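Chemist: Features from TrEMBL:
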- 38-264: domain 'ABC transmembrane type-1' (DOMAIN)
- 44-65: transmembrane segment (TRANSMEM)
- 77-98: transmembrane segment (TRANSMEM)
- 141-160: transmembrane segment (TRANSMEM)
- 200-220: transmembrane segment (TRANSMEM)
- 243-264: transmembrane segment (TRANSMEM)
Amino acid sequence: PVIVQYFKYMGDLFSGNWGFSMSINKGQDVWSLIMQRLPRTIDISIFSMLIAAFLGTKSGIISATNRNKPKDTIVRGIALIGVSIPVFYLGVLLQYYVGYELSWLPATGFKNAAYTDPEFIMGFRIFDALFTGELYLITDYLYHLILPVFCLSFITLAGITRQSRSSMLEVLEQDYIRTARAKGCAEKDVINIHAQRNSLVPTVTVIGLGFAGLLAGSVLTETTFGLKGIGKLMVDSIRESDYWVLNALVFIITIIFVSINLAIDVIY
């Protein structure tokens with residue numbers, strides 16, 4: 001019966017029994033295939049979001065506290081570029097000029113071809129290399145992640161900066177800020193103690209949604225830089241019509257989006 005098939009399908013879906021790859025790695029369990037790729041995407045997303053959240057919040061505050069001054073103009077200009085430029089185009093520019101023309105950083109891949117992979121312990125290359133004592137692999141891995149992380153963090157940073165600036169400007173117009181200034185509080189204390197904390201409330205929402213958006217950006221970034229994460233895996237599964245892999249990836253990304261939105265609601 002259809003109802004029995006439905007409940008069996010849902011049971012398999014939530015238990016990780018997602019079938020086998022039809023073409024990418026024919027016959028390999030979809031769960032194991034995704035778990036090989038997921039840590040790399042998580043690494044890129046976490047590094048990108050940490051950088052974007054810190055710099056975006058700080059630059060937004062600097063812009064707001066220097067309204068209509070040169071610092072404000074510079075920050076707003078950079079944010080406008082970040083919002084306007086497509087992530088894949090920025091990736092290609094970085095790859096061509098920084099990777100190929102100047103040869104400052106690796107243009108593709110996530111490791112030196114001469115290095116072997118560390119023993120599989122957690123699946124995260126940094127932790128696996130740390131536990132096995134192969135610290136040079138960590139340095140090499142981080143070196144290869146600089147361009148893709150910069151690419152993703154710059155795009156995300158732009159939205160956070162604009163929201164942070166807008167929130168800070170709104171808070172600075174509140175009565176309690178005027179009161180703090182009237183009482184003789186130093187401007188530094190007014191900003192850091194009274195204004196910054198309250199301005200972060202709406203910014204947290206943008207940061208959370210930005211982290212979820214990094215997963216969408218990772219599809220293009222991983223493809224551009226040749227990183228074997230779930231973004232690249234999704235492109236490959238579409239190209240090769242590997243429907244079981246694609247179904248599992250859509251399910252995982254949906255769970256991540258829902259979880260992040262739930263976490264944002266709880267924080268509020």
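Placement of Cβ uses the backbone N, Cα and C atoms for every residue, glycine included.
Annotations in TrEMBL come from automatic prediction, not curation.
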Chemist: Checking distant contacts: for the transmembrane segment (77-98), what same-chain residues at least six beyond its ends satisfy Cβ-Cβ under 8 A?
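Modeler: Distal contacts: 59, 104-105, 107-108, 147-148, 150-152, 154-155, 157-159, 161-162, 165, 217, 220-221, 223-225.
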Chemist: With a Cβ cut-off under 8 Å, give me the same-chain residues at least six positions beyond the ends of the transmembrane segment (200-220) that come close to it.
Modeler: 41, 44-45, 48-49, 52-53, 56-57, 60, 87-88, 91, 152, 155-156, 159-160, 163-164, 167, 229-232, 234-235, 253, 256-257, 260-261, 263-264, 267-268
